[in-house]
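Visitor: Pulled these from TrEMBL:
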type     : residues : note
REGION   : 1-25     : region 'Disordered'
TRANSMEM : 37-58    : transmembrane segment
TRANSMEM : 70-91    : transmembrane segment
TRANSMEM : 103-124  : transmembrane segment
TRANSMEM : 160-180  : transmembrane segment
TRANSMEM : 186-207  : transmembrane segment
TRANSMEM : 262-284  : transmembrane segment
TRANSMEM : 304-323  : transmembrane segment
TRANSMEM : 360-378  : transmembrane segment
TRANSMEM : 384-403  : transmembrane segment
TRANSMEM : 415-437  : transmembrane segment
TRANSMEM : 443-464  : transmembrane segment
Amino acid sequence: STMRERMTTDPLQSADPLHSSTDLSEGKEKLRLKQEVGLISGVSLIAGTMIGSGIFMSPEWVLHHMGNPASSLLIWAACGLLATFGALSYAELGTIIKESGGEYIYILRIFGSFPAFIFAYTSVILVRPAGLAAVCLSFAEYAIAPFYPGCSSPQVVVKCTAAACILILTIINCLNVRLATSVMNIFTAAKLLALLVIVVGGLVLLAKGQTQSFQNGFQGTTAGIGTVGVAFYQGLWSYDGWNNLNYVTEELKKPEVTLPRALMIAIPLVTCLYLLVNVSYLAAMTPSELLSSGAVAVTWGDKVLGSWAWLISLSVALSTFGSSNGTFFSGGRVCYIAAREGHMPDILSMAHVRRLTPSPALLFTSAMSLIMIVSGSFSSIVNFFSFMAWLFYGMTISGLLYLKIKKPELPRSYKVPIIIPIIVLLAAVYLVLAPIIDQPQIEILYIILFIFSGIIFYFPLVHFKCHHHCLQRVTLHLQLLLEVAPTTRDAN
């Protein structure tokens, strides 16, 4: 059949190395992805994915929803704290369930097949491709802006450039894991340098006394629960990626050590940079100037760097490209792991026999992202993405609380205080419900209907395994064409 059958009496058994199963024939060499992600690459994957288009585009939206500089800075700090708490909770999950796949594998092992399929269906078809498309469109906007001075870039050129970005990322990630991580390391260093330039420029402006944006900083604060929730969406978009290392656990060197350390280095570093960058923006611009800016970083560059402002456009393009690479790297793994567990077509669970990369899953993610590029605005994609993401983050964190209370005997090399996942769960509930209660929108209904449409596919294809025999021939031909073979999970 084209989807694998996976049946266990206890979903958590597969997280235990003693119960890890394989689906290759006995006596055959087992194919695994390489463990090539160390501490530096892990920090680069987290920080490199987090620092993307958000910090260069979201500040104006956070300020717009909150109404003043001081409360917007509080939102940025709260988002960083929430991302840190979420990452610490995920670190414990990653040391209990040492498999790649992030939320998908945790939901599968804790809650079972159906919720995990709904997550995989939603994430692989919609959420991950939409997020990647948004970042690549941001890259395209900044990359081609210097070629169209004084006017907006043609949408056809923007979308073609974004599509080219996705195709380049596909080639890089399909060729070699080490090449993909090297690209992440290089671009992470470049974007950190760009943010440091903005931070230093802001500190110089503050030293010269440009503090007018911070006077009466809380005046006109917005207090609606829905508005604050949407402001969090925009801020958290810039922090998205804090959980990316959990998607590649099987490719980590010493995951029980690397995972918590990389999280504790990357996320506080990014949070401090984001706060300082926002202060720098407000030092260079008045709130009204910031709100009217289509590209905050470029406006900052024009005001502070003068003739060197083109460096900011280049830096943002490099930053968004690096972030796209990290999103693509981890997003392809969700598709790959879901297929390996029988929730996606079998071909997507295979890896290239020589390069040891999940190339079919990466190609599928690339195709879905290319489709997403044709429509959608930055702001609408961010709100849609954040609603879906925090719905499943909440489910995953509730799974951790279940394990801490009901299965404290499970071996784990790292434990997070129980109050931290409780705070993250309460925040997730607020972020999901607040915009619905305060400002209900028809788009939310469409999202919920899409989630439940997964039922149509789950029962015939996964539960009852109704597969047409011709799919087996298609899988065989694709295997030969792509030079791929089935893989087994790595029992760390």
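Numbers here mean position along the shown chain, with the first residue as 1.
The backbone N, Cα and C atoms fix where each Cβ goes, glycine too.
Those TrEMBL annotations? Automatic predictions, nothing curated.
Values in this document were obtained by computation on a predicted structure and should not be read as measured data.
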Visitor: Go through 70-91, 160-180, 304-323, 384-403 and flag the stretch with the largest number of C-beta pairs under 8 Å relative to the transmembrane segment (186-207).
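Guide: Against the transmembrane segment (186-207), the leading stretch is 304-323.
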Visitor: Take the C-beta pairs under 8 A between the transmembrane segment (70-91) and each of 103-124, 262-284, 443-464. Which stretch has the highest count?
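Guide: So the stretch in question is 262-284.
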Visitor: Mind checking which residues of the chain, 6+ beyond the ends of the transmembrane segment (103-124), have their Cβ under 8 Å from one of its Cβ atoms?
Guide: 6, 11-12, 14-15, 93, 97, 243, 246, 334-335, 337-338, 341, 343-344, 364-365, 368, 388, 392-393, 395-396, 399-400, 402-403, 450-451, 454, 457-458, 462-463
